[in-house]
Amino acid sequence: MTYRPSFAEIDLNVIRNNYQLSCQQAPASKQLAVIKANAYGHGAVQVAKQLEDIAPAFAVAFIDEALALREAGIRSPILIMEGFFRAQELSLASEKGFWLMLHSPEQIEMLEKTPLPSPLNCWLKVDTGMHRLGILPEHVPAILERLTKRGKLAQSPVLATHMANAEEMNNPLNQRQIDRLRQLGKDTNSPLSQANSAALMQLPASHSNWNRPGIMLYGCSPLVQRSEQIGLQPAMSVYSEIIAIRELKKGDAVGYGGCWQARKPSRIATLAIGYGDGYPRSTDSQCEVFLHGQRATVAGSVSMDMLGVDISHIPEARVGDKVELWGNNIPVTELARRVNTLSYELLTRVNQRLPKHFVD
Ligand SMILES: Cc1ncc(COP(=O)(O)O)c(C=O)c1O
């Protein structure tokens, strides 16, 4: 039970529907649901429970995220995309049935040296051009041979890579990454995994045995037009309430630093939400919220627990009125663009302090 009138509403049915739409994009592939970072801020346990009967596996970044899902009763396979950090995680991964995406020569060596209760289900991450994580393609055949000889593998590893520019459909690196992974798959007779959401939506050549959609499950892809064509819907809406209203004279300033000044007599509403909940502080007066069926701009700098909104054009607005910060009327991708970031960042910044209301 919480008393504050600010909350994030998460529609789990929308996530389920978005996941099903992601499957329709690549009917010949299996779709692993990426639910790292607390399912991009949407609640990993709730999302996993919602998808566990239709998703063959989940993906998280590190073992702590996977353990939290197991503790909550999620029995599905969970792929850990950063593999492991310390050798002691290996026996835990084997005991809990986690799949490890191995990405570095150091991990391979640690795995070779560490006795295991049973062979592990491993994927190999290949660096095809992103230059972040991954084994160089030319080293992959020898590594596969070494791990197989030492009996470390429960089955033939999936070769995975991550696309660096999938949002830019015509970026030449896309095809190079696709070709490199394909070639390696042929040479080693391995299953493949390549597409993230953007690739799944607009680069069919990247579809393979396993795709790994994340952001599209939450309906917030930066590929706005394509998302609309597919029918994706945003799963998270953030709401607050007006807790005070001020009538300002021309020249009056609002908030810390007085960086917003009334150019004419104005009506300013204060909402009970701020950067301490994950709303970005770096807004300007182009950022909008939604109330009474209309948009209104943010006025003044965002505080930890509050923010101001110019409601001069909405005379009917009153204390206690509900306001959407993002959701169906203010797409989070739009706000993200205005504050020079991505929907990914805004969604994952929503923190514990902001209550989550789940719609099921
Ligand atoms: C390795 C890997 N695969 C898949 C994804 C999902 O990407 P997206 O959320 O863009 O679909 C991520 C997310 O960053 C990732 O790191």
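Each Cβ is built from the backbone N, Cα and C atoms, and glycine gets one as well.
Unlike curated entries, TrEMBL annotations are predicted automatically.
Listed features, source TrEMBL:
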type	residues	note
ACT_SITE	LYS36	active site, proton acceptor
MOD_RES	LYS36	N6-(pyridoxal phosphate)lysine
BINDING	ARG132, MET304	substrate binding site
DOMAIN	235-359	domain 'Alanine racemase C-terminal'
ACT_SITE	TYR256	active site, proton acceptor
For this session: Starting from each candidate's C-beta and looking 10 angstroms out, tell me which of the recorded positions LYS36, ARG132, TYR256, MET304 has the most other C-beta atoms.
Result: LYS36
For this session: Write down the Cα-Cα distance for LYS36 (active site, proton acceptor) and MET304 (substrate binding site), rounded and given in Å.
Result: 26
For this session: Between the Cα atoms of LYS36 (active site, proton acceptor) and ARG132 (substrate binding site), find the distance and write it as a whole number of Å.
Result: 18
For this session: Indicate whether TYR256 (active site, proton acceptor) is helix, strand or coil by DSSP.
Result: helix
Seminar exercise, completed: The rounded CA-CA distance in Å from TYR256 (active site, proton acceptor) to ARG132 (substrate binding site) is 40
